Structures are given as structure tokens and as C-alpha cells.
Amino acid sequence: MESYRGLWLKGAIIMALNMIEEGLTPVEIGLGERDFYIDLESETALSLQEAERFAQAKSHSFEIKDGVINSNGKQIIVQGDASPSGDPKYYKVLNISVHHPSAGVQLVRIRGVSFETKEQLEDYLQWLEKASETDHRIIGERMDLFSFHDESGPGLVLFHPKGQLIRNEMINYMREINDSMGYQEVYTSHVFRTVLWKISGHYEAYRDKMLIFQKDDDELGIKPMNCPAHILIYKSRVRSYRDLPLRFSEFGNVYRWEKKGELYGLLRTRGFTQDDGHIFLREDQIKEEIRKLVTKTLDVLGKFGFSGDDVRINLSTRPDESIGTDEQWDKATKSLLDVLKELGTPFVVKEKEGAFYGPKIDFDIRDSLNRWWQLSTIQVDFNLPERFKLEYVDENGNKRRPVIVHRAIYGSLDRMIAILLEHFRGKLPTWLAPVQIRVLPISEDNVEYANKVAEVLRENRVRTELDLTGDTLSKRIKRGYDDGVPYMLILGKKESSEEKVTVRARGNIEVRGVPLSRFVKEVLEEIKTRDVENSAIKRIQG
Ligand SMILES: [Zn+2]
């Protein structure tokens with residue numbers, strides 16, 4: 001699509017000049033990743049039909065001077081990495097949204113494309129539909145999960161109700177995992193004095209990515225990591241060898257100021273939630289703890305369908321820039337290596353790719369599009385205990401230094417959601433789907449029964465929606481499929497009179513005459529066991 005960028009920019013210019021002729025005020029045009037945009041000063045949003053009026057070929061003479069086009073006393077700023085070229089004749093308006101570049105100014109953003117031939121336009125629309133199946137940003141917009149806004153800042157996500165449902169499900173599951181491993185959940189604030197970051201070393205090593213500011217004669221920083229706060233909780237009491245391993249977990253919100261050009265949907269943001277955990281333990285406990293962590297991590301990844309050849313374990317060793325002594329690094333690295341060897345799971349050694357404070361084990365997974373993603377991480381740390389002078393009292397009453405293990409299984413919750421959306425093409429497993437069931441009454445006559453079915457499902461805490469739009473059944477089924485709803489229940493006269501449902505599941509599966517109670521039982525089982533497959537329909541099909 002790269003070769004069309006000049007054509008799109010030219011199309012945006014023509015469309016903007018068409019608007020000026022009609023008395024509108026476009027102020028800026030430019031290029032997005034896969035389209036052009038026009039920003040229009042306007043108190044109200046435009047409808048798609050209104051915008052389409054301007055999307056047509058017309059010859060205008062114009063000149064771009066210092067990145068600006070002057071026309072009828074109005075100025076349009078021209079952005080974008082291409083020069084306007086060609087003779088665009090075929091246009092398509094793709095999207096209209098509203099944003100506020102500053103207080104008191106509202107801009108309507110029109111996104112579209114333009115081509116020289118009809119074939120080019122049709123090819124593009126086909127390509128876009130295919131891309132939209134596997135781009136989490138487009139899936140997220142379509143499913144109404146999350147958004148980013150110029151006003152709130154790039155890389156700073158807003159999760160909508162349905163996105164938050166997914167987050168909560170992921171968190172609930174991880175809480176169960178954490179409980180099963182003996183973690184105690186904590187909460188720590190988002191902003192700390194920079195003294196803390198100086199002790200931890202982040203101030204020195206991580207400062208570029210931190211948000212640091214001055215307030216009341218004090219310098220403060222927003223946390224890029226949770227570890228130092230967990231360490232302070234450890235230090236709030238005298239700890240005995242009997243207390244160890246001590247495991248803290250937190251769904252911690254951290255902020256890392258990534259470069260604007262590197263931001264990418266939920267895959268790379270400036271603020272995200274980690275399923276973080278820190279284990280304080282004795283040196284003789286390291287191997288056993290790592291063994292448990294590796295085993296449990298593989299279990300969790302398997303739950304999402306990533307197992308066997310689709311998981312790769314990496315052991316990363318000391319990087320050139322690091323803190324800590326040779327002896328500490330050697331000891332830590334050997335523990336990880338021994339565990340992996342003993343478990344017999346294949347792994348790869350990545351020389352010099354460890355964190356600056358310790359060696360680590362990472363887990364990569366391969367998704368349905370054959371791409372590898374790094375997710376889970378387990379990091380041994382001899383350095384932070386040293387910096388914070390951590391202690392426990394051993395069996396002889398002597399003070400000893402514990403070791404810290406940092407771990408995250410999802411890594412970033414936000415990034416994990418992006419990967420899952422792309423991996424499943426928006427068709428999430430039922431337990432994660434924001435809408436689990438959609439009820440489609442065939443006609444007005446079946447609405448009462450539809451309401452009853454929805455009520456039964458909601459009483460069982462199954463996330464259920466009714467589609468009462470009155471569109472044709474096939475249209476409603478297609479919409480349910482596009483929205484990623486795993487099960488649709490089609491209710492007609494026969495179903496209503498017999499208290500049954502016709503189940504429509506993914507993969508074009510339809511089963512008629514299923515007793516409502518049977519369906520509820522099977523779908524609850526599928527949700528409770530967090531099946532990746534739609535096992536309810538398989539059992540119903542028998
Ligand atoms: Zn940590």
C-alpha cells in the first residue's frame with residue numbers, strides 16, 4: 001500500500017479544496033498508516049454522507065509552500081511523508097471522529113483513501129478487510145474495547161466497558177493462579193519520591209523513560225516498576241527464615257515514556273498494567289521456586305492454547321551494562337540453567353540479553369499468524385536486595401540477605417490482550433468474550449421468550465445481549481459473528497413453546513431444539529473451565 005501514499009495525499013488536498021469551495025474550514029491534511037486524514041474546524045461532527053459529498057475528483061490548482069496551501073484566504077497545513085501525485089478519481093470515506101487539539105478547539109477528522117482506478121479501490125478495500133481481521137487496533141475499535149485520544153495523549157489507553165470486562169477476566173484468572181502459588185496481593189501507589197528510585201538504581205539506569213517532576217520541594221517520579229514498593233513492604237517488618245519464600249503480587253499500573261514513534265496500539269503504550277510478582281527467598285530456595293514458576297507459567301500459556309512447539313523458553317545472561325558482582329551473576333545464572341536442564345524442557349541461551357540487575361528466563365509464544373511474542377518472564381535478582389540492604393534472620397539468629405525473584409506471566413495485561421485479539425482474530429474464548437451470548441428472536445412474537453432466556457442467562461452471570469434491531473436474521477447473525485460473540489440463540493415459535501433454543505456457534509454450526517436448561521448447563525461448564533475451544537456446542541452436538 002506504500003506506493004499509494006502520494007495518491008492519497010493528493011486526494012486529501014482535492015477533498016479539502018472541495019470543502020473550502022463549500023465554505024468549510026479544513027485546517028490540516030496528512031497521512032495515516034493506511035489512509036489520509038483531513039482535520040476540519042467544526043462545532044458539530046459530520047455524517048458519512050455529508051463527508052462523501054466532498055469526496056470526488058475535481059481539478060484545482062494549488063501550491064504547497066513551506067508545508068502550507070493557501071486557498072481563498074484559508075490555510076491548510078500539509079503533513080505526511082509523501083508528495084502529492086497522480087490523478088485520484090475514486091474515493092472512499094472510511095471513518096469520521098472528533099478530537100480536541102487544545103481547549104476550546106474542536107476538529108472533525110475525516111479518514112479516507114483515493115485511487116486512480118476502481119480496481120485499485122476494490123483491491124484496497126479487500127486488503128483492509130483482511131488486515132482488520134488481525135489488527136488488534138481495528139478489532140478493538142469494531143468491538144468497542146478501547147481507544148486512544150489526542151487530547152489524553154498518545155500511548156495512554158482508555159478501556160471501554162467491554163475492554164474492561166476482558167481485563168477483569170484476565171485478572172480474575174491470574175488471581176486464582178497467584179492464590180494457588182501462595183502469593184499475597186498488595187497495592188502500591190503510582191507516584192514515589194525519587195529517593196526510592198535512587199536507592200533502586202532506576203533513577204540512574206531508567207531515567208529517560210521515567211516521568212519525574214518537582215512538587216513541594218520534593219522530586220517525585222511515576223513508577224515504571226513495582227519492585228521498590230514491594231521491597232519497602234518486605235522491609236516494614238523483621239523477617240525470619242521461616243517467613244520465606246514471601247510472595248507479593250500486584251496488578252501494578254506502571255508508566256514508561258516510550259518514544260512517540262514507537263507506540264503501537266496496545267502492543268506498545270506509555271502506561272500499562274503488569275501481573276507483577278516478587279518473591280523474597282533464601283538462596284537454597286531459588287531452584288525449587290523457579291521450578292514451580294516455570295511449570296505454572298507453562299500451564300497458564302497452555303490455557304490460552306499456547307503449548308508444545310508454540311512456546312519457546314529463553315535463558316538470558318549478563319548484559320554489558322549491569323550492576324552486581326561476577327559471583328552474584330554466576331550463581332543466579334547457574335540456578336536457572338540447572339532448573340531448565342532438570343525439567344527437560346527445550347530452551348535457548350541468549351547471551352548478554354539479561355536485565356541490568358539479573359539473569360532471566362523468558363517465554364515466547366507463537367500465535368496463529370506464525371509470529372513470536374515474548375510474554376512471561378522470571379528474573380533472579382541479587383542486586384536489589386543488596387541496594388536495599390534486605391535481611392532475614394536465619395535459624396541461628398544471624399542476619400542474612402534474601403534473594404528477589406521478579407516474575408510476570410502475562411507480562412503486560414494490555415499487550416497480552418492485543419496478542420490474544422490478533423491470535424483469535426477477535427473471536428475470543430467464551431470466558432474472555434465481552435458478550436458471551438446474543439439472543440435473536442425471529443419476530444416480535446418471540447420477544448417475550450427472548451427476554452426470559454436472557455434473564456435466565458444473566459441470573460447465571462452469563463454476559464448476554466438481546467438483538468432487537470429488527471434487521472433480517474442473517475444480518476443479525478453476521479453482526480454477532482463480526483462482534484466476536486461465541487453463541488447466538490435463535491428463538492422462534494417452536495423454541496418459545498417448548499422452552500428450547502436453536503444454537504448458532506462459530507464455524508457455522510447450528511443445532512436446533514436444544515433444551516434451554518441443557519444449553520445453560522453446558523455453556524456454564526465451558527466458561528467455568530475457561531475452555532479455549534467452544535466445548536459446549538461440541539458436547540451438545542454429542
Ligand atoms: Zn520487579
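Cβ atoms are placed via backbone N, Cα and C, with glycine included.
Keep in mind the model is a prediction, meaning the values are calculated, not measured.
Per TrEMBL, the Zn(2+) site holds C227, H278; the candidate it also names there, chosen from H99, H100, H406, is H406.
Listed binding-site residues: C227, H278, H406; maximum Cβ neighbour count within 10 Å falls on H278. Looking at the domain 'Aminoacyl-transfer RNA synthetases class-II family profile' (123-429) alone, the prediction's average pLDDT is 94.
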